[in-house]
């Protein structure tokens, strides 16, 4: 059998009626008359219009967001998270769900108060006034839960029934204002339309601890928060992009008219009345009488002066019942308004929370994501919302719950408006809402005024709301959930990056702003984690790092996997690949094409390859020719872990490879303790050799390491050379632990070490004396990297080679326990054979147990001791 189609609603039943029922809540029937008595008609209208201003601007923002693509379930959370991203969407999803649960409690308490007052009127109390509210509220919210569990179709039919009851009660009220008041009604302050009463009620009469404007606003504002009731069930609407704007705006219009009309017509009631028929005045009375009631034939002076008046706008919350034509119909309206709002909030909170749980942004809440039935009802989330509402129902104080809800909803409105503003100003081509009647500046105004109102209403509740959002925001930023919704934050990041890059391109370089921007020839970064970790150690949050991958045997590599691996390893780097026939061609093109504007590499970083005789010198010489610095990292066990992964059977796929690399730790991920960083500064390269150790020691893992600088000198001037070097380093503000002058560099190296160098070079010699002339010419053409006898004589390699071998001996002697050794990289002459030069580099870094970095700048100064 085909599965039964889910129930879908149009803009009238799904949005407009639902929003109107939510807005016509407990405040309308039980607090609007009291607010009018405190604030007067004029300020009450101001309170209503201020609330409508905030909700209308928010409705415009919601309309714009909801028409910018298909809106799924989740309401306000879905809109904010898909617009601003999970960082702000996640926190507001939690807060908004909680606020809806509180609003359910608020309206349930309002219903319970009304029932309690009826019981008191007929002398039928259960326990006492507070516990009666708790008992009635608990029973009511349980019944509402059962209706919700029955499904959206039953819930929608119930809401339509409530709407019809409300319409009847409104007609009943307005008819009652036109009926001439009986003496019984006059005794409780109801006199019908009198200009004197209307004029007196125009202006405020603040009373009690709650008697101020913003307290009245805080109590009234929850009556306007129902504008998102339709958006919250966006997943159950036929066409949410049409239904949400049309239904929400129509609901705001008609409910605003009703609030203004009721607050004006309720002014036909005096503020104070005793309710006693004995207070009526005879035609010829002589007793003292004060106040407006005297001219209407009643003397309420005694209860006014003693503060014991039990009736009137200021003293009784049941004024609408007393004014109406038939009181029980107003009770039916109160029941319909409170129960419909409570039911709508009880449905909204789980729907929003279910969407949040499905996105898996926070831990331990996935349990509530499961849906049941044809409409994917969140039954587990219903139970959670029921428990939260029950806890607040037990407070049983309407005026305590209302300000809390105001702050949570204002916070939601602020973020919705900011979402619309932010999406508009980023100029993203993807922001194309079909709803045109909005402005980014109204959205910004709505966001600002919402935040201001939060603090003006209840500052401590505002601090709680912001504290909760900041905590939840920090968690999402720290965890970085793997979601990509094309948010406006991404568009804004692109705009800022583009703007700053263009601006930076017009700024001349200055030595004080020099940063080592590295192009690292890693191949697949996953195969050379040590090289990636080392360069990331001194470039993270400081400068640019690009992992270059030259594709010679594969057509392409999944760059997303590489970026994901770098992010998991907490290395801030770009990844770029280039298809080339050989390493030199690829490196040359990457050096020229990588980067953007001023964000271009100025240093080429390589690992020391075992097959160095084939290609290496060309890459180094190309880097020097293009004015780049060069770094070559060598480790005893090599950098490529391919063999290790093959041995463990892990080199099977990119997923498997990433999994393996998660378990591979390199020496650069460990704390280095008090080991030393030894710098062998053989020649001045502009200062790069000294800058890299300084950047490393700023990292937590290298902070306790001491930097030692070794320089070449003579025995006679050793102390003077050391002092000069220390002075220079101090002027550069470099924290160097010690300067050591090497005075025995001219001593001949050990014979066994010299023999090893000659054996290393032997395979690359072109022994001309043992070959005929034709063979010699042929090999010179084919093997340009081989060393001829003539080149050996011209370059005097013996002297140079002995120096390299001797320096290697000095390094091995002095840096046995170092964490890292940096050695000035020799510059090859133009006519130097590549095999000879690479033999020198091999000899220079041979047999050193710690990582060795052969480094040379491009002779450009990278440090200065001047202020300008």
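In case you wondered, yes, glycine gets a Cβ from its N, Cα and C as well.
Among the features that TrEMBL reports, transmembrane segment is placed at 12-30 (among others).
The domain 'Amino acid permease/ SLC12A' annotation in TrEMBL covers 14-519.
Annotated transmembrane segment per TrEMBL: 42-65 (among others), in sequence order.
The list of residues near the transmembrane segment (88-112) in space but at least 6 beyond its ends in sequence, with Cβ under 8 angstroms from a Cβ of it, reads 25-27, 29-30, 74-77, 80-82, 132-134, 136-137, 140-141, 144, 222, 225, 232, 334-335, 337-339, 341-342, 345-346, 348-350, 352-353, 355-356, 359, 361-362, 385, 388-393, 395-398, 401-402, 404-405, 408-409, 411-412, 415, 465, 468-470, 472-473, 475-476, 481. TrEMBL lists 88-112 (among others) with the feature transmembrane segment.
Listed by sequence, the residues of this chain that lie at least six past the ends of the transmembrane segment (160-179) yet keep a Cβ under 8 A from its Cβ atoms are 13, 17, 20-21, 24, 192-193, 258, 261-262, 265, 268, 320, 323-326, 329-330, 332-337, 339-340, 343. Under the heading transmembrane segment, TrEMBL lists 160-179 (among others).
Sequence-distant neighbours of the transmembrane segment (213-231) (same chain, 6+ residues past either end, Cβ-Cβ under 8 Å): 11, 14-16, 18-28, 31-32, 35, 38-39, 43-44, 47-48, 50-52, 54-55, 58-59, 62, 66, 71, 75-76, 79, 103, 106, 204, 237, 240, 243-244, 247-248, 251-252, 255, 259, 341, 344-345, 348, 399, 402-403, 405-406, 409-410, 412, 453, 456-458. Marked as transmembrane segment by TrEMBL: 213-231 (among others).
Per TrEMBL, the feature transmembrane segment maps to 251-270 (among others).
According to TrEMBL, the transmembrane segment annotation covers 329-349 (among others). For the transmembrane segment (329-349), the residues of the chain that approach it from at least six positions outside its boundaries are 18, 21-22, 24-26, 28-30, 75, 97-98, 100-101, 103-104, 107-108, 110-111, 114, 118, 140-141, 144-145, 147-148, 152, 155, 158-159, 161-163, 165-166, 168-170, 172-173, 226, 228-229, 232-233, 320-321, 381-382, 385-386, 388-389, judged by C-beta separation under 8 angstroms.
Under the heading transmembrane segment, TrEMBL lists 381-401 (among others).
Marked as transmembrane segment by TrEMBL: 445-478 (among others).
Feature annotation from TrEMBL assigns domain 'SLC12A transporter C-terminal' to 528-648 (among others). If you average pLDDT over the domain 'SLC12A transporter C-terminal' (528-648) in this model, you get 84.
Residues or ranges marked as domain 'SLC12A transporter C-terminal' by TrEMBL: 663-867 (among others).
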Tally of DSSP helical, extended and coil residues in the domain 'SLC12A transporter C-terminal' (528-648) | 52 helix, 26 strand, 43 coil
When each of 12-30, 42-65, 251-270, 381-401 is checked against the transmembrane segment (445-478) for Cβ pairs under 8 Å, which one has the most?
-> 42-65
May I ask for the residues of the chain that lie six or more residues beyond the transmembrane segment (381-401) and have a Cβ under 8 Å from a Cβ within it?
-> 26, 30-31, 97-98, 100-102, 104-106, 108-110, 112-113, 130-131, 133-134, 137-138, 141-142, 145, 148-149, 210, 219, 346, 349-351, 353-354, 357, 368
